[in-house]
Amino acid sequence: MDYFNRRQQHLFAEECAVEELAKTYGTPLYVYSRATIERHWHAFDQAAGEQPHLVCYAVKANSNLAVLNVMARLGSGFDIVSQGELARVLKAGGDAKKVVFSGVGKKASEIAFALEQGIYCFNVESEAELDRIQAVAESMDKTAPVSLRVNPDVDAGTHPYISTGLKENKFGINIDDAVRIYQKASTMPNLAIKGVDCHIGSQLTEIRPFLDALDRVLILVDNLAEQGIVLSHIDVGGGLGVCYDKEQPPHPKEYAKAIAEKLDGRNITLVYEPGRAIMANAGILVTEVEFLKTNEGRNFAIVDAAMNDLIRPSLYQAWQNIIPVSLREDTASAYYDVVGPVCETGDFLGKDRELAIKAGDLLAVRSSGAYGFTMSSNYNSRPRAAEVMVDGDKSVLVRARETIESLWQGENLLP
Ligand SMILES: Cc1ncc(COP(=O)(O)O)c(C=O)c1O
Ligand SMILES: N[C@@H](CCCC[NH3+])C(=O)O
């Protein structure tokens, strides 16, 4: 079931006409569906069945306070990678005790803040980081809960920019070094070993690499247990892909169930860190066609959203569906490159898209709820888009469009 669907000629987000939302809030506009977020979150939560588990939504996918608040109300945990993300989670009503802190470059100040808040666990990505956490915890007279993020050297079969589980990637600790580092951690007085973590990449469309990685992690878990280091959780990371085009990723239920079954009755808590699978198809980016033009036989639809609003097409050549908000029959379709106003040849949202459109029409870029707004910027001094959450027939402006004045906030002229 899709909460973004067409009624006659018009696109709806739940019970709200997208055309009306654009009129009310302007474009470019991100529109999120609360019902979709909740449905996706429950799919993970329910599929784990009897296995003790915690769904820690990956905040980087979409960190709008209202999005985090929807998740917090469901009792979600959160996967964060910075002090800023933790502060957002707390502001949105999230529980620090359900937060895992990932990331390769945690600063001492960020570690101290997270310890102060009492997070669930640090996912430690290097031996040097382990030493830093010990030092910070000691200075605060606290005990830091830690997991090692191990790198199982599994090819996730995804885009090289978003693959993280190979030995040559910057992430995690080589799984072959893990036993030694766990032994070291067990002697460090201000650390409490909690679990193990593994995240092999993003937009994975098959279960196999996840299960291969988990096989290797389970060998490590059993090996550590024999040495008296008993873990209380396994964090399997995020990475489950979604359908942008013709991909057929496993359903979150199928994925979460396959993972839970692999544990084979072990009495251990399972942590999931899904980002994209919850948010991507819970959002669209609505944009208005400013002009249509043809250069050297190539048609361009110049729209008011650009690479600064949605960078995935430019950065990864990612394909996202682009559809008219209202269908029209009074013009013939043609193939267009859908491009923004930013001064870069690489500024496009889609290429060669068959569309029947006129200037002034609205387009929706689908699957934009994850890594859309969070990766947006002010390049070309463009204020960032507004964000709206729909809930049935109601809509709430959850982030106002930036003003021109806000663009130079914090900047100073020379005296
Ligand atoms: C450590 C970690 N956990 C979770 C995620 C979320 O990934 P995804 O959005 O692919 O589920 C990421 C991003 O790839 C990550 O780096
Ligand atoms: N930002 C990427 C995914 C990276 C995931 C973060 N570790 C995307 O849009 O596909």
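Including glycine, each Cβ sits where the backbone N, Cα and C put it.
The following features are taken from TrEMBL:
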type: DOMAIN; residues: 30-369; note: domain 'Orn/DAP/Arg decarboxylase 2 C-terminal'
type: DOMAIN; residues: 35-280; note: domain 'Orn/DAP/Arg decarboxylase 2 N-terminal'
type: MOD_RES; residues: LYS60; note: N6-(pyridoxal phosphate)lysine
type: BINDING; residues: GLY239, GLU273, PRO274, GLY275, ARG276, TYR371; note: pyridoxal 5'-phosphate binding site
type: BINDING; residues: ARG276, ARG312, TYR316, GLU344, TYR371; note: substrate binding site
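Positions of TrEMBL features highlighted on the structure.
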residue : record                              : contacts (Cβ under 8 Å, 6+ apart)
LYS60   : N6-(pyridoxal phosphate)lysine      : VAL81, GLU85, GLY275, TYR371, THR374
GLU273  : pyridoxal 5'-phosphate binding site : CYS56, TYR57, ALA58, ASP79, VAL100, SER102, HIS199, ASP235, VAL236, GLY237, GLY238
PRO274  : pyridoxal 5'-phosphate binding site : HIS40, PHE44, VAL55, TYR57, ALA58, GLY238, LEU240, PRO252
ARG276  : pyridoxal 5'-phosphate binding site : ALA58, ALA61, SER202, GLN203, GLY238, GLY239, LEU240, GLY241, VAL242, ALA370, TYR371
ARG312  : substrate binding site              : ALA318, GLN320, TYR371, GLY372, MET375
GLU344  : substrate binding site              : MET307, SER314
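Scoring each of the binding-site residues (GLY239, GLY275) by how many neighbouring Cβ atoms lie within 10 Å, the top position goes to GLY239. Residues distinguished by a CB atom under 6 angstroms from ligand 1 are absent from the binding-site residues ARG312, TYR316, GLU344, TYR371. For the substrate site listed in the record, the two most distant Cα atoms among ARG276, ARG312, TYR316, GLU344, TYR371 lie 27 Å apart. A simple way to gauge crowding: the CB of TYR316 (substrate binding site) has 15 other CB atoms within 10 angstroms, across all the protein chains here. Whole-number maximum of the Cα to Cα distances across the pyridoxal 5'-phosphate-binding residues GLY239, GLU273, PRO274, GLY275, ARG276, TYR371: 15 angstrom. Ligand 2 lies within reach of ARG312, TYR371 from the binding-site residues GLY239, GLU273, PRO274, GLY275, ARG312, TYR371, judged by a C-beta closer than 6 angstroms to any of its atoms. Look at ARG312 (substrate binding site): DSSP puts it in a helix. Along the domain 'Orn/DAP/Arg decarboxylase 2 C-terminal' (30-369), the predicted structure has mean pLDDT 95. Within 8 Å of the centroid defined by the CB atoms of GLY239, GLU273, PRO274, GLY275, ARG276, TYR371, the record's pyridoxal 5'-phosphate site, lie the Cβ atoms of ALA58, LYS60, ALA61, SER202, GLY238, LEU240, ALA277, ILE278, MET279, ALA370, excluding the listed residues themselves.
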